[in-house]
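Feature annotations, reproduced from Swiss-Prot:
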type	residues	note
ACT_SITE	Lys99	active site, schiff-base intermediate with DXP
BINDING	Gly160, Ala186, Gly187, Asn208, Thr209	1-deoxy-D-xylulose 5-phosphate binding site
Amino acid sequence: MEMLQIAGKTFESRLFVGTGKFASSDLMEAVVLASQSRMVTVALKRVEIGRGEEDDMISRIVRHPEITLLPNTSGVRSAKEAILAAELAREALQTNWLKLEVHPDPRYLLPDPIETLRATEELVRRGFIVLPYVQADPVLCKHLEEAGAATVMPLGAPIGSNRGLKTREMIRIIIEQSRVPVVIDAGIGAPSQAAEAMEMGADAVLVNTAIAVAEDPVSMATAFRLAVEAGRMAFEAKLGSVRSEAEASSPFTSFLNLK
């Protein structure tokens, strides 16, 4: 399969995983390894250097040099807060990669498009590699691309809902128009949904809740890895066209033409 490229960096896996909701750092690490993900997100609100478990979680990730740690700004409510969080992350974690999340509504956690665009413009100016989480809005995604975002990350459904690709028609347009990688983020609840996103032409998917709340998270991580690989292979193989009428795979020409 073709490798994923983001901001000049190559990734062997098209499955990104989050680190929230796991019962322990041991389980989180086992999931990351089973997924074979090369991009792992961690919420900045959980990062307090010297605090113990969160530090342990981060150390579990960074001891695998093949994995890129992607801090995210989950919990911030404005561009100003996002920029402050980004600078703290760069200092604490020594990375300029950032998953930008700005969602002021604590109930639905939907991203604020205006503040996200403002934050992206300023963070790019400051030298960050910005991966913004956004509504599945094709116009907004083009503005973010023009502002210098390294990817766009439209939601499939609200965070943690496991409802799947409720925004699929808008995602199709975003994929068609985008000149930067499109990563489907939020709402994916089953491996089949991840495969569908990849078949549509998404460059990657990010999954957290669907793995973390599974009865067997490690096996679920493996299932998502295989689904993402299968979906991408199907996309690269070029799916057949959808028809409204039947077309025989074995034509009846000369069938039982006996003399």
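Here, residue 1 is simply the first one shown, and the rest follow in order.
Yeah, the Cβs are placed from backbone N, Cα and C, and that goes for glycine too.
Counting in whole angstrom, Ala186 (1-deoxy-D-xylulose 5-phosphate binding site) lies 13 from Lys99 (active site, schiff-base intermediate with DXP) by their C-alpha atoms. It is 14 Å from the Cα atom of Asn208 (1-deoxy-D-xylulose 5-phosphate binding site) to that of Lys99 (active site, schiff-base intermediate with DXP).
Taking the mean position of the Cβ atoms of Gly160, Ala186, Gly187, Asn208, Thr209 as the 1-deoxy-D-xylulose 5-phosphate site, the remaining residues of that chain whose Cβ falls within 8 Å of it are Gly18, Ala157, Pro158, Ile159, Ser161, Asn162, Ile188, Gly189, Val207, Ala210. For Gly187 (1-deoxy-D-xylulose 5-phosphate binding site) paired with the residue listed as 'active site, schiff-base intermediate with DXP', the C-alpha to C-alpha distance reads 17 Å. In this view, Ala186 (1-deoxy-D-xylulose 5-phosphate binding site) is surrounded by 28 other Cβ atoms within 10 Å of its Cβ, with every protein chain counted. For the binding-site residues Gly160, Gly187, counting C-beta atoms within 10 A of each C-beta gives the highest total at Gly187.
Secondary structure at Lys99 (active site, schiff-base intermediate with DXP), taken from DSSP and collapsed to helix, strand or coil, is strand.
Other Cβ atoms within 10 Å of the Cβ of Asn208 (1-deoxy-D-xylulose 5-phosphate binding site), summed over all protein chains shown, number 23.
Of all residue pairs in Gly160, Ala186, Gly187, Asn208, Thr209, the annotated binders of 1-deoxy-D-xylulose 5-phosphate, the farthest apart have Cα atoms separated by 9 Å.
Thr209 (1-deoxy-D-xylulose 5-phosphate binding site) carries a helical DSSP state (H, G or I).
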